[in-house]
Ligand code: 13P
Ligand code: 13P
Ligand code: MG
Ligand code: MG
């Protein structure tokens, strides 16, 4: 059999209630739409916070117009339901009036990869709400380049050579490949600034795809505040790639990400089950879910809801402690994002209003 493609496309087309979750009727609509398609080998519809995630397998390759249109039409159908229920921000992420060839640039986030399915093909789909694509930088670094996280880098001869990181400059629209461990320090200079540089994909040294993320920044595309991008990430595991537990391990210590309330705050990324993926406090804290699947001739066997595991209870405790502390700073940086980031939210509107009151000092 030929290659299989795993495509994850996500969008917020209306929140229930506010920006906290997705109404069951929208998820049902998405499932109905995808079930009608003859193109899909399999699919799984889920949500994290107010974002719907369409996890699809097919044999059309990446950037397939048909698959992208299927996702677009599905989100349009969900938007109709969201409008009927008067959900919050109905159609929020659909920036264009109509579909034109590829969902990239139209609002929905997309991560997809094509590969020959191995004898056993474990994959994890991570999805986050109330944050931005750069949120994956730190976990991807740990999974694929940090021997304190991934012992396989040290003791598995199949991983010893290291990996290749493809990094995007989201402001300049450029990309660069870093080889690890050789370019480790160069890599970190850039991906330590996740608001601008973000890891798009990770490859083995032989060029096999290992991980890929969604990297669009809605506010840069729309030129105004829409919401955060709430990114997704696909990671292949085992047999020369990080073990499932190595791919999950970075989330045991919640890192600070940009997003949270009004997309304008820094807060801990809290790992949760799908059932707990309902940001509430100050519209957060930001959440991440991890769904594991075994592929079987393209069928998605699963999901395994990894962060439902008790082993992540402490991470949640820690995230809540960090959330308490960060919240205590109120409107002050670094809880509130620094000015450069605020330029992509609602700050310019406030500045515009006050511009005549600024006089020479
Ligand atoms: P693999 O080499 O099959 O990935 O085994 C490693 C493992 O499962 C350790 O947790
Ligand atoms: P979303 O990006 O998840 O829609 O959240 C927007 C927001 O402003 C939350 O306070
Ligand atoms: Mg929303
Ligand atoms: Mg969201």
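Heads up, the Cβ atoms here are built off N, Cα and C, so glycines get one too.
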Identity of the Mg(2+) 2-site residue among 186, 229, 230 (reference: 50, 51, 129, source: TrEMBL): 230
Per TrEMBL, member of 130, 142 binding dihydroxyacetone phosphate alongside 19, 262, 283: 130
Inter-residue Cα distance where the pair is residue 12 (active site, proton acceptor) and residue 50 (Mg(2+) 1 binding site), in Å: 6
Listed binding-site residues with Cβ under 6 Å from ligand 1, out of 51, 101, 239, 283: 239
Alpha-carbon distance [residue 129 (Mg(2+) 2 binding site); residue 283 (beta-D-fructose 1,6-bisphosphate binding site)] in Å: 10
Residue 101 (beta-D-fructose 1,6-bisphosphate binding site) versus residue 229 (Mg(2+) 3 binding site) - Cα distance in angstrom: 21
Where the C-beta lies under 6 angstroms from ligand 2, the matching binding-site residues among 19, 101, 229, 239: 19
